[in-house]
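Novice: Below you will find the structure I want to go over with you.
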């Protein structure tokens, strides 16, 4: 994978060129503002919740945005005749978005460290954000494969949020409860995501953490296979060849 580092740098440069990284930092500052105006000193509860939104929705959105810009630039067409293989392209784009989520994590953690009371497993939170952002970056590819324009991409992300994310959030804040609900939510990748994030603050049982980690690892492997197998068809369609 000799081209991976070049592709990764190219992805980061493109994200900076089109102000995608700037938008990500701005969203992080909004999360900081939420923590700042929260009338509590200990943010062990709200910190994982904010990261949950950032590493899921933002990862999907940024993959879609960068791919739309590439479509306008004709980049996808050049991929069909370039020495760059699709594995390097997919991994580089996914990792660029993971790095963006890591930057958001660093910003939020720095604020909480200096101005709030936060007790979190640092290695655990970085690992959790990595897995969650990687999964949702790959899911962003799936959304792109099945959308015609930017509006339909946003609609897909909103549908994901309402169907897959909001029930988990409502469960975490104690609005949606019950044994049946608790068990049903474990089929969702967002439940595994929230479990790993909250586990870094000492919440959750060992089996839940192990299950959630295995769930995301398997889900990443499955999604990667789907993204890779469908990529050529997507590239040909979008390039107009």
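Numbers run from 1 along the shown chain.
Cβ coordinates are placed from backbone N, Cα and C, and glycine is handled just like the others.
I grabbed these lines from TrEMBL:
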| type | residues | note |
| --- | --- | --- |
| TRANSMEM | 20-39 | transmembrane segment |
| TRANSMEM | 45-69 | transmembrane segment |
| TRANSMEM | 90-114 | transmembrane segment |
| TRANSMEM | 120-143 | transmembrane segment |
| TRANSMEM | 150-170 | transmembrane segment |
| TRANSMEM | 209-227 | transmembrane segment |
Novice: Pairs of Cβ atoms less than 8 Å apart decide it: which stretch in 20-39, 90-114, 150-170 has the most with the transmembrane segment (45-69)?
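Specialist: If we count Cβ pairs closer than 8 Å to the transmembrane segment (45-69), 90-114 scores highest.
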Novice: Out of 20-39, 120-143, 150-170, 209-227, which stretch has the largest tally of CB pairs under 8 angstroms to the transmembrane segment (90-114)?
Specialist: 120-143
Novice: For the transmembrane segment (120-143), name the stretch out of 20-39, 150-170, 209-227 with the most CB-CB pairs under 8 Å.
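Specialist: Ranking 20-39, 150-170, 209-227 by Cβ pairs under 8 Å to the transmembrane segment (120-143) puts 209-227 first.
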